[in-house]
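Below: the structure, in structure tokens.
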């Protein structure tokens, strides 16, 4: 697609869902660019996201729509949506309220590999108590 060809193209006309009807969605902090999470969207969740401007995903484990923040209050206000060159991955840039991670961290990518190439260390801040919010331990 040439740069000038994108003007009248609609996202829902070009998006390429996989054989299961899903597309990966990378979510970044709108202001810092920090990667917050990777989730999946189906047609319905993408349509909800476009309409409501709040991130809505498809839960593969529960097989249902997942409005991020509906349980925790940690909503993601969608500021920008991009699609990659193959139209098979979505990028959401959001204003994150609270933490994105269900275990209480700001980002789901809260562990990093150390220089020994095997040890993990915490590299993010805990922003809420998952047991208090969800009523059970979600730590992994």
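A Cβ is built for glycine as well, from the same backbone N, Cα and C atoms used for every other residue.
According to its DSSP assignment, residue 86 (Mg(2+) binding site) is coil. Long-range Cβ proximity for residue 86 (Mg(2+) binding site), meaning a same-chain Cβ under 8 A and a gap of 6 or more residues, is found for 16. Per Swiss-Prot, Mg(2+) binding site is recorded for 84, 86, 88.
Per Swiss-Prot, the feature Zn(2+) binding site maps to 85, 101, 108; the stated evidence is sequence analysis. Secondary structure at residue 101 (Zn(2+) binding site), taken from DSSP and collapsed to helix, strand or coil, is coil. A C-beta separation below 8 Å, combined with a sequence spacing of at least six in one chain, links residue 101 (Zn(2+) binding site) to 36, 37, 107, 108, 110.
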By a three-class reduction of DSSP, residue 108 (Zn(2+) binding site) is assigned coil
CB within-chain contacts under 8 A for residue 88 (Mg(2+) binding site), separation at least 6: 15, 16, 18, 23, 24
